[in-house]
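Everything below concerns the one structure shown next.
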Amino acid sequence: MNQEEAIFRSADMTYVQLYIPLEVIREVTFLLGKMSVFMVMDLNKDLTAFQRGYVNQLRRFDEVERMVGFLNEVVEKHAAETWKYILHIDDEGNDIAQPDMADLINTMEPLSLENVNDMVKEITDCESRARQLDESLDSLRSKLNDLLEQRQVIFECSKFIEVNPGIAGRATNPEIEQEERDVDEFRMTPDDISETLSDAFSFDDETPQDRGALGNDLTRNQSVEDLSFLEQGYQHRYMITGSIRRTKVDILNRILWRLLRGNLIFQNFPIEEPLLEGKEKVEKDCFIIFTHGETLLKKVKRVIDSLNGKIVSLNTRSSELVDTLNRQIDDLQRILDTTEQTLHTELLVIHDQLPVWSAMTKREKYVYTTLNKFQQESQGLIAEGWVPSTELIHLQDSLKDYIETLGSEYSTVFNVILTNKLPPTYHRTNKFTQAFQSIVDAYGIATYKEINAGLATVVTFPFMFAIMFGDMGHGFILFLMALFLVLNERKFGAMHRDEIFDMAFTGRYVLLLMGAFSVYTGLLYNDIFSKSMTIFKSGWQWPSTFRKGESIEAKKTGVYPFGLDFAWHGTDNGLLFSNSYKMKLSILMGYAHMTYSFMFSYINYRAKNSKVDIIGNFIPGLVFMQSIFGYLSWAIVYKWSKDWIKDDKPAPGLLNMLINMFLAPGTIDDQLYSGQAKLQVVLLLAALVCVPWLLLYKPLTLRRLNKNGGGGRPHGYQSVGNIEHEEQIAQQRHSAEGFQGMIISDVASVADSINESVGGGEQGPFNFGDVMIHQVIHTIEFCLNCISHTASYLRLWALSLAHAQLSSVLWDMTISNAFSSKNSGSPLAVMKVVFLFAMWFVLTVCILVFMEGTSAMLHALRLHWVEAMSKFFEGEGYAYEPFSFRAIIE
């Protein structure tokens, strides 16, 4: 199909209406999603999301999406175990890749409601089984971990008791029993508890070992009598065993020591294997605590619980308990292995179906979300939206073919509607122009049929960047980086990209042109890594004889063929010359950029057939701009082209000339050309006349036309309002006639009945005050912007100067020092060269290419968004976003 380019202006759009029977509503909607040409308008804006027709279906697929997400989490959770069972290589030895989600969504055939219901039932059953097996597996692992932990605690504590049998003895001692009764009756006040906890967490206090009492271990310096006393006094019924995190052992010991006033024996043993706690493995210690009295025993248990420790009961028959635990562990391990194998088998089946389920769920949700925008009727739904005019025939033919496959009992009505509603803006782009169009769209979407600022941006954006970045070496590095992205765009396009890299990859063609233009401007500036190139013969000749320390002057012998003469580099007045050149070049570039941008406003006015804007805005604005800044630009070129040395005259200063043109009209300090005073007065008067012209003509003309009955034309747009468009619609209607199941309504017959519902109506009553205020703001803004925007282009000179000076400083600090060694052949000098070169290259790429490049790019954005686009860009449109399954992936 021969499509309209739609680059200079947006594509022609047509408003259409579809009446779709309920029996085929899903199938037709799927077809529209695959065609990606129909921008659906919301006909139910007055309804909330819960009042729309397909809210129950959306809720259902929200639940299905949750199930698919859970299944995906379970598959990823057990990916390491199931990976070895998944087929990764086909019969030919090629890797089997996972199906791409975008391809699945675009290529999957529409499913019937019966198939969708079967798939949803299958997802529900799989989710239920996977959830049950996964929860059972986690529960079994937790129980197995508890048994292993319990066995380790019993083993370690029993071994300790066997080594110290007297500690667990049950000998009686009247004094100890009386002490136990006293402790049981002991009660602590809130102040005592606060003081005890404060002491417990004060690690500067004396430790149990410092006090000479029983701490973590039985101290070596204890006497036999003391140890015997302990063995007789501490009872087995006041023993607590358990486990706790290794990081909390010392905290537990100190808290209990302070809280029980030293009335305990505490011993801990490390557990070698990490144990599962929640979803992570942690290192733990088992402990054994001896105390006396039920009250202290309860306090110990509460402290252990507060620190998330586990208490394990230990009786005298530890060997029997260990045997019982071993049998339980073996039985539980067999059950766990069986459950795990069953789950992995289930996940293998789910793994193959997950991409299809996910694609189906996303697509069904997207379809029902779109169906909620349709207007419901008794036997069908009405859909309205915008279609590119060049796609109408394609849309009709596709609907015709599809309806024929379904049978003649179904009919879809296709109406082309006249409307004054503002159509969406649609610029056809490719992978090269897309990034440049995105630069413009980021600032604002062009109004329908407005000049596309993105077309000129393809050239002006990289060129403005290159003027500021102008270095052949740095530009070549940037060009190579972008070229690498371009040559490997298929590889990088398929991989997952982070946000930073995605921006660079998306703008790879912008970076490519930025680098190429920078190489060109680097040749113009004769600058490569802050050094000059002797490509051609210099136009200056230095004297052959001179004395050391003497200032010498070069004689001009010709004109350098291309760019700046390398003889200027390194001279005392080289910076003065380059500053003057780049400053004037910035003014010329700004004048050219703003002038052609302002010309676009004339094309916009002409396209809208708005004579009042051409006469009242464009002409006075153009005269005002050219009278001042056009004259300044001409004076710069004239001053450059005139041989002032031959005329034996000093070159006049243009800054003073421009200032005197306003402050002292007719006064000339240094004459630039004959008749200069009279011409400047005429230009100044022309600029002054343009101000009231710009201010008053449009409001007064609109007021006069309104009084005479010539105003009141609606601001809206008619999509088939011109002859060519009507002929095209007639041709499309004729081509669509004669097939069953598709009805093309007459355009004129539906225009009157539909126009009110979709159109914007006519313009309101004329308000001279509003128009006048708007024009006053426009006049002040335009006049001030002409001055400020011209000065803003001096950033081209400023950034170019900063870039050149920074590059020169970096060279002098690194490479220049590397080759200034006295012993150039020594190993130290060689190492110095290698190190300083690496340092220079890294700093060049990081600072001069990345950082300075980013700065220059942002300034180039500013020059386009503000200085250039403000001259013509309205930006009151909205983007054309067709109903497309590609939007699901994006």
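The backbone N, Cα and C atoms fix where each Cβ goes, glycine too.
Given the structure is predicted, the values throughout are model-derived calculations rather than measurements.
Residue annotated by Swiss-Prot as phosphoserine (from the set Ser228, Ser243, Ser408): Ser228. According to the topological domains annotated in Swiss-Prot, Leu705 and Gly877 fall on the same side of the membrane. Note on the transmembrane segment (780-804): residues 464, 467-471, 474, 525, 527, 530, 578-579, 582-583, 585-587, 589-591, 593-594, 621, 624-625, 628-629, 691, 694, 848, 852, 855-856, 859, 862-863, 866-867, 870 of its chain, located 6 or more positions outside it, place their CB under 8 angstroms from a CB of the stretch.
Counting only same-chain residues 6+ beyond the ends of the transmembrane segment (619-639), those with a CB under 8 A from a CB of the stretch are 584, 587-588, 591-592, 594-595, 598, 601, 651-652, 654, 657-658, 672-673, 680, 683-684, 686-687, 690-691, 693-694, 697, 782-783, 786, 790. Confidence annotation: the topological domain 'Vacuolar' (640-682) carries a mean pLDDT of 87 in the model. Below 8 A, the CB atoms of the transmembrane segment (472-488) and the transmembrane segment (581-600) form no more than two pairs separated by six or more positions in the chain, fewer than 3 in all.
Taking Cβ pairs closer than 8 Å, the transmembrane segment (683-702) reaches residues 612-613, 615-617, 619-621, 623-624, 627-628, 631, 661-662, 665, 711, 766, 768, 771-772, 775-776, 778-779, 782-783 in its own chain, all 6 or more past its ends.
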